[in-house]
Amino acid sequence: MDNKYIGILTSGGDASGMNAAIRAVTRAAIFNGFKVKGIYRGYEGLIAGEVKELTTEDVSSIIQRGGTILKTARSETFTTPEGRKKAYKVIQKENINALIIIGGDGSLTGARIFAEEYDVTCIGLPGTIDNDLYGTDFTIGYDTALNTIVECVDKIRDTATSHDRIFFVEVMGRDAGFLAQNSAIASGAEAAIIPEDRTDVDQLETFIGRGFRKTKNSSIVIVTESPENKNGGAIYYADRVKKEYPGYDVRVSILGHLQRGGAPSANDRILASRLGEAAIQALMEGQRNVMIGIRNNEIVYVPFVQAIKKDKPIDKSLIRVLNELSI
């Protein structure tokens, strides 16, 4: 890639640790003799030509910052052939020979289609708090979000206990229950409602009631968000419990975008640094159109089609763990 640039962008929802990944990609690239161009506002910015060369100074003192210095956006235009054609013209104009994309399944889907249509080498880094990309144990931003949820639930437990209340706490995750399941275990919640293991209201009352009948004077139920309430979010389940078991004092707390912000955890900084450096190594090895992941603490290359098409399974044994420990 003599006299060529590596382009880097962040796309979709932001996740803490993206800046650490930008830093790692930029510094590893420069260390190995490449130049880097940052693309602002994701694919939308690529189409608009919002491109700037990055130096080591540009990425100094960003490892500890949440969000992304390159900004991010969702792009409807890039989903069209016309939009991708405009993006490719910018790639040619800016002399970019390889593109590194940090984002979730939608971002990597865009990268896969772009790579198939044009002769552009694309490397993906898993950046999403949902932790739902197949082929990697962890995604950038997941650990920070998990810690944020646990911190919030700890505070909610204080007020729930003071008032003998049940709180339904809604967290992000879309179609994946990693955040809800693991934050429930880490915070000592009574139950988790996740897409992979839907709980009905009577089961829920069993989990809640057995605690109140013993020594507990509060209950926490962590619920994965449900887009458009197709399967019921925290409000849906809270309303059902209020209606069918009116003796309980029920409240709802939706954590929302709190989960995306804040300084990245040490684990996310290390993960992002490893994945970012590995992306440059992958390019030097001639890899293309793969996501860089981590499995059993080892770097792996996952073809885009696997990362975005396969469902990442949740550890069902954790459902048993939560059930046994919530008595």
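A Cβ is built for glycine as well, from the same backbone N, Cα and C atoms used for every other residue.
Of the residues proposed, GLY7, GLY13, GLY173, GLY177, the one Swiss-Prot records at the same ATP site as ARG74, SER75, GLY104, ASP105, GLY106, SER107 is GLY13.
Using a 10 Å radius centred on the Cβ of ARG260 (substrate binding site) and all shown protein chains, the other Cβ atoms total 20. Across the annotated binding residues for substrate (THR128, ILE129, ASP130, ARG165, MET172, GLY173, ARG174, GLU225, ARG251, HIS257, LEU258, GLN259, ARG260), the two most widely spaced Cα atoms sit 32 Å apart. In the shown protein chains, 30 other C-beta atoms lie within 10 A of the C-beta of VAL25 (ADP binding site). Same-chain neighbours of the ATP site beyond GLY13, ARG74, SER75, GLY104, ASP105, GLY106, SER107, judged by a C-beta within 8 angstroms of the site's C-beta center, are, in sequence order, SER11, GLY12, GLY42, GLY103, THR109, GLY110, THR128. Listed in sequence order, the binding-site residues from ARG27, ARG174, GLY188, GLU190, LYS216, LEU258 having a Cα within 10 Å of the Cα of GLY104 (ATP binding site) amount to none. The most crowded of the binding-site residues listed here (MET172, LEU258) is MET172, judged by how many other CB atoms sit within 10 Å of its own CB.
A distance of 27 Å separates the Cα atom of ARG27 (ADP binding site) from that of GLY106 (ATP binding site).
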